[in-house]
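Here the structure comes first, spelled out in structure tokens, and everything after it is commentary.
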Amino acid sequence: MRSTDLRLAPAAALAWIAAWATTGQAGAWALAVACGWLAAIAGAGVIVLVALRGMTRGSGVTRGPGSVMTSGVAHVALAAACSLGVVATGTVKTARAATIEDLASRGFTGEVTGTVVSQPEPVPWDRPASAGTPTATVRFMLDVREVAARGVATATRARVVVTWNPAAGEPGNARTDDAAPADLRFGGVVRVRGGLRPAEPGRSESARLAADALTVQRAPPASLRLLDRHRDALMEVTGDLAPQARGLVPGAAIGDTTRLPGELAEAMKASGLTHITAVSGGHFAIVIALLTGIAGTLGAPRWARVVLLALAGAAFVALVRPEPSVLRAAAMAGFALVGLVLGRPAQSVPALAGTVIGLLVADPWLSRSFGFALSASATAGLVLLVPPLVARIAPWTGKAFAFALAVPLAAQVACGPVLVLLEPEVSLVSVPANLLATPALVPATVLGLVATVLAPWWSWGAHLVAWVASGATWWIAQVALHAAEMPGRALPWPGGPGGALLLGVATAAVLALVLTRRPRGWPDDWRRAVRSGFRRTYRAVAGGATGARPRPGSVPGRVPPHGDGKGKRTTLVAGIVAVSVMLGAVALIVPRAVARSAIPHDWVVAACDVGQGDGFAVRTGPVSAVVVDVGPDGDAAGRCLDELGVTRVDLLVLSHFHADHVGGLTAVLAGRDVKSALVSPLLEPEANAARTLDELAAAGVPARAPVTGERGQAGSVTWDVLLAGPPGPELGTMSEEGRPSGGERSGAEVNDASVTLLVRAAGLDVVLLGDLEDAGQAALLARMRGRGIADVDVVKVAHHGSRTQSWALAEQLSPAVALVSAGEDNGYGHPTDAALDLYAGVGAAVLRTDECGTFGLTVRRGSLAVGGC
């Protein structure tokens, strides 16, 4: 049996670590990192060489002069060269981007010119749109070659993330461009003007730019325009298919998920099927197999096949766009072509290691891409784990089913530690879901690619092929939706690097325990018995009760050649490690599991038990949410978000500045990425407002007061500001220094200035009333009647269920569920019987945090369901 060639693996691992460390630095620090890596690698190399020489001397094995030293020096030199190549690239790129980073850090407005290097995609816009202005913002990556600011144009080399709304311009400024979204294409050269802002640390881009004007200077090359024609034509011929097919047929074929329904997208994430819409090695394998078959049928010589496959691979990368997983797959396909040229097949592990090294040298920031990490991990798992897993499973099931099961199992095992960093849980449905969906994946992909090729030339035929493909995607969608709804679909797991390390150690120990034991005994007997019938079954079971059958040529009583020594010791050590890690994991997981057991895994709206205060979350993604209020001082709101698995807050809304709504801000900000915040326009009480705004500013969270009628989107959730403070000039405002201004207001006035939201998520209409009093509720009622808003699904009852409630507003809302957030045995008498009776009287089920604790609402097969109350 050929052994696996792992010689390049250490160099690839070191290159990845070096890239990750370097890209986390800025400016001159990267040079210090490079020197540190050189010293570390040299020191490690000396230790390895000394150890190798000692092993050689002690083994008694005679080798060629200096063979071990020569091999060791070569390996250390290779690892050092790869790591330093990565560090050097990162350092040079950081230095080139210094100019634009400096401008961004100062918040200058500038004009940049560069090439569009990512597919422009529509994104939600969280700024108020003017009357009649559509929300059509797109986001794309720009490879900048020139930046002009303060009257000076400077050549640079940096990447900038640009957001642009073609329908919006700066107030009072005339538009200077005639560009439309259709003119903005991958590969085109554009000039963009707008405000520069710093990028997040460790990101591949050097800055962010909110564009005020955009001019297309040069269209993409003809080859890219032709490929864009195929993309556009595919989207056109699938436009009248079922909703799942409109998203999944282009997704499976070219990775375009812009039309994937939000509910289906979330279900695919929950069931571990997102790889279906991520172009990877499987797509390249299909393309290469089809073209190789055609070339073989035509009798093309080897050189012609290589040229054909190389051109097709490059065109396919341009068609689906060079995402990290695509680059990994394309590079490995390149190694396969080199093997074809040389007349020898490329080995998978060296090809993967070489791919990782090459791509990290070209772009060290790939080391921080979860997409690249998942792609490389999955490939490594398939290459290294599938053969031994098939060997262990086959005696029970046969080789065909063993292979079908081993592929998703190996991918899940390899990707598990990376996935835990994204969401603190271990999926229990991913493997069976992939096993069920796999039969439909190949036809969906192949037919989708055929439709893509045909679409510009023969739309009717392409539509027919896409319609046939929609049958396969229907099955995939059904598997995803049902798997996502299964109870206990995931095991809660500690998040962060510690959780990833824990899962990695546990997985390695279990694999060692399973794979080091030699298969023997009753699985083989069981398989033979099933094939031979009942009589053989009885004999097999009877014979198997005494142990394994003796192998031909073995001597009874003699220990086999692979006997109990080293094998048993390995098994014992692996077993001890596995049990120890599992016990430690249980100690960490059980409290989380108990805390989350009452919360539906697919929760849409969650009411946090923060005591006497408000704290609510509306889910926008697997680990993200819109958070409305953070409760009183303490860590209750932070712990609630931890239990819900929320690590990113797409939008934080602080309805008003009373302490029971903003006091828990510190715990919510800790360890979470908060994108932006909306706050009440009335900055009272002044001390609370000042402290809150200072804390948001220190955390780098942009905060602003919304206006009534403003709308926005976060993930799959849309929000609508129904009321943002009573109208009038008497409201407190932001001063030029960002500090509160305005006089003191009464408690009722502060309550009536609550930011009141209508949130739409997973088909639910949720209204959050803050602490509105009589005047605020009357103003809201008038606005809702004017807009025809009525009969919503969920209402957060105003002011913790106080006596001040509007019967007319409750009747207008007529919610199915009324949420009340109040502290147990609080001194205010909240919630009052009057408030409870009012909402019960309009047909609402009233759910209270003082009785239920933290609970969640979800949607199951079109019906509203509650967990934990």
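Each position is counted from 1, following the chain as shown.
Note: Cβ is positioned from N, Cα and C throughout, glycine not excepted.
As annotated by TrEMBL, compositional bias 'Low complexity' applies to 544-557.
What TrEMBL lists as domain 'Metallo-beta-lactamase' is 612-799.
For 544-567 (among others), the entry in TrEMBL reads region 'Disordered'.
Feature annotation from TrEMBL assigns region 'Disordered' to 725-749 (among others).
Summarising the annotation, TrEMBL assigns transmembrane segment to 31-52 (among others).
Only residues 6 or more beyond the boundaries of the transmembrane segment (276-296), in the same chain, are considered here, and those with a CB under 8 A from a CB of the stretch are 247-248, 251-252, 254-255, 257, 260, 268, 304-305, 308-309, 312-313, 316, 320, 323, 325-326, 328-330, 332-333, 336, 371, 375, 378-379, 437, 441-442, 444-446, 449, 476. Marked as transmembrane segment by TrEMBL: 276-296 (among others).
What TrEMBL records for 302-319 (among others) is transmembrane segment.
Under the heading transmembrane segment, TrEMBL lists 349-366 (among others).
The transmembrane segment annotation in TrEMBL covers 373-394 (among others). Below 8 angstroms of C-beta separation, residues 4, 275, 278, 280-281, 324-325, 328-329, 332, 348-349, 352, 355-356, 401-403, 405-407, 409-411, 413-415, 417-419, 511, 514-515, 519 of the same chain, each at least six residues beyond the ends of the transmembrane segment (373-394), sit close to that stretch.
Nonlocal intrachain contacts for the transmembrane segment (400-422), taken as residues 6+ away from its ends with a CB within less than 8 angstroms of a stretch CB, comprise 272, 275, 370, 373-374, 377-378, 380-382, 384-386, 389-390, 393-394, 430-431, 434-435, 438, 493-497, 499-501, 503-504, 507, 511, 622-623. The feature transmembrane segment is assigned by TrEMBL to 400-422 (among others).
Residues 229-231, 233-234, 236-238, 248-250, 252-254, 272-273, 276, 282-283, 286-287, 290, 319, 404-405, 407-408, 411-412, 465-466, 468-469, 472-473, 475-476, 479-480 of the same chain lie 6+ residues outside the transmembrane segment (434-458) yet bring a C-beta within less than 8 angstroms of a C-beta in it. Sequence annotations record features per position, and here TrEMBL assigns transmembrane segment to 434-458 (among others).
Here TrEMBL flags 464-484 (among others) as transmembrane segment. Residues 234, 237-238, 241-242, 244-245, 248-249, 252-253, 263-264, 266-268, 270-271, 273, 276, 429, 432-433, 436-437, 439-441, 443-444, 447-448, 450-451, 454, 602 of the same chain lie 6 or more positions beyond the ends of the transmembrane segment (464-484) yet place their CB under 8 Å from a CB of it.
As annotated by TrEMBL, transmembrane segment applies to 496-516 (among others).
Per TrEMBL, transmembrane segment is recorded for 571-590 (among others).
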